[in-house]
Amino acid sequence: MSSEAIATSRDWVLGAECEYRFELDQGTSLAIKLTQGQAEIFGAELVEGKTYIFYEECKAAVYTWQGCTIQIRQPSTEYVSEETPMTAYANLHIAFEAMRVRALDRANGNMHASDTEDTEPPRVLILGPENSGKTSIAKILVNYATRAGQNWSPTLINVNPGEGGCILPGTISAASVTTPLQTSTPAHTLGSSATSAPAHMSSNALVPLAYWYGHADTKRNPLLLDRLIRNLGENVWEKLADDTQGRVSGCIIDTPSSFAAGSGNSEQHRQSLIKACVDAFRINVILVVGHEKLNVEMQRTYGTRMAVVKIPKSGGVVELDGPYRARVRRRQMQAYFYGERFAPPPGMPALASALAAAGYLIGGEPPADFTLAPASSVIGFGDLAIWRIGEETMAPVSALPIGATRVVSEMQPLAVDPGAPSAGMHGAVLALLADPHPDETERYDEEVLDLHVVGFVVITAVDVPNRRMTVLAPGQGSLTGRTAVVGSFEWQE
Ligand SMILES: Nc1ncnc2c1ncn2[C@@H]1O[C@H](COP(=O)(O)OP(=O)(O)OP(=O)(O)O)[C@@H](O)[C@H]1O
């Protein structure tokens, strides 16, 4: 260890059931080593003696049940709290664990038809206002399930298109989780996904099933979001039909904060989007994070059919503002195309291979010296079929004159001519979709709404006179004949 590293490292001794919270500013990074005892980050255990690196404005907490000593390299905003809601979260986990065990017993035929016990696994919808810690709670609950030693593989579902979950913003997704989700950067809140890089680069990468909504704001096209949630649900159920272990492990669903409060027209959409989740994922437990009014509303609407539980918000949750969220989205795009870039804390080796050799971990994996090499290609306007869902600038129904109906419905796919003056394709992020049905007689007008995402591209230049455009894609594959959908996301390097 260099003298600079020794100079900037500091030991923290944490008592039982305490957590060390940290917040990183832009351009800083942090290294944490567990030197003694047991500790975890959002439910994922730290390995003693390994140094974990955090970067890109990461905000998180090291929690310990029994007490521990951690060594911190490069101080940031940091403090220790003795008051956490972890016992409440752990009690939830214990209840969900009992449900999984009963569901497995039933699946194995170890229960009698006369048993009156509920044998459904936990399918949990997490609701709460902005910055209430929903994503962190989802992570903790999923991570505890994977650590239970029962080979559970819970499905983690993200229906917050503003966040992107384990893939890119603009999507909603589901992924089966078998190993604890690591924390290192807000660009990968749920660990990394296998879509942007070869899977061998990260042994714990998730393989998500995703649908493209194309906007960060759920109010932009709630009908489309409703349909995509239902599509995702159908797909999840199809997949789980042949996977007993996955089915009995249950699902945890993270939602956007707009599901917690609305007004006027959006109030109606909010309720129908919650209902879409309840139906699509066959929810049997609703968790409401620290929001009395929403809790009462959920009790009234769903309380007779399922458990509605109000749970405390952690005092450690950081208030994330709009500019921060925009920066995280940009980094998610950057990482998708080019891989991770970070500067280790002072005194630590700059090369990833040197860090790996010294036993450092990023997101639970030894760092690797790689940058992804996206391919830039020039294609004709007609080579890629580009769609936009619904009218480009759509006035809300409430703003239309009385009696007027929309000419273009929210769900109507419109073919986009990239050369049209209003197309605005320069810098547009497009989702590439799975191929339409091979049998033409099985195709239908709105099929593009029901196809899942296979990747993303960005249009980096548009040459209108020659009807050609330059497209940045993560790999070399041909784009000709593919189907893509544009939303409102833009990205420029
Ligand atoms: N106990 C904690 N200590 C430190 N930071 C925390 C803690 N819990 C959560 N955070 C951080 O606070 C931020 C907000 O938390 P989180 O994303 O879980 O909230 P959310 O309710 O899902 O947010 P959103 O408003 O996007 O729906 C994140 O950066 C998260 O890592």
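Every residue gets a Cβ built from N, Cα and C, even glycine.
Annotated features in TrEMBL:
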type	residues	note
BINDING	E19, K59, N131, S132, G133, K134, T135, S136	ATP binding site
DOMAIN	14-103	domain 'Clp1 N-terminal'
DOMAIN	128-339	domain 'Clp1 P-loop'
DOMAIN	372-493	domain 'Clp1 C-terminal'
REGION	110-130	region 'Disordered'
Which same-chain residues, if any, lie at least 6 apart from N131 (ATP binding site) yet have Cβ under 8 Å of it: S257, V317, V318, E319, L320
For E19 (ATP binding site), the number of other Cβ atoms found within 10 Å of its own Cβ: 24
Secondary structure composition of the domain 'Clp1 N-terminal' (14-103) [DSSP: H/G/I, E/B, coil]: 18 helix, 42 strand, 30 coil
Residue counts (helix, strand, coil, in that order) that DSSP gives for the domain 'Clp1 C-terminal' (372-493): 13 helix, 45 strand, 64 coil
Coarse DSSP state, helix versus strand versus coil, of T135 (ATP binding site): helix
List of residues, in chain order, with Cβ under 8 A from that of K59 (ATP binding site) and at least 6 apart: R21, F22, E23, L24, P186, V318, L320
T135 (ATP binding site): tally of other CB atoms within 10 A of its CB: 21
Distance in Å spanning the most remote Cα pair of E19, K59, N131, S132, G133, K134, T135, S136, given for ATP: 19
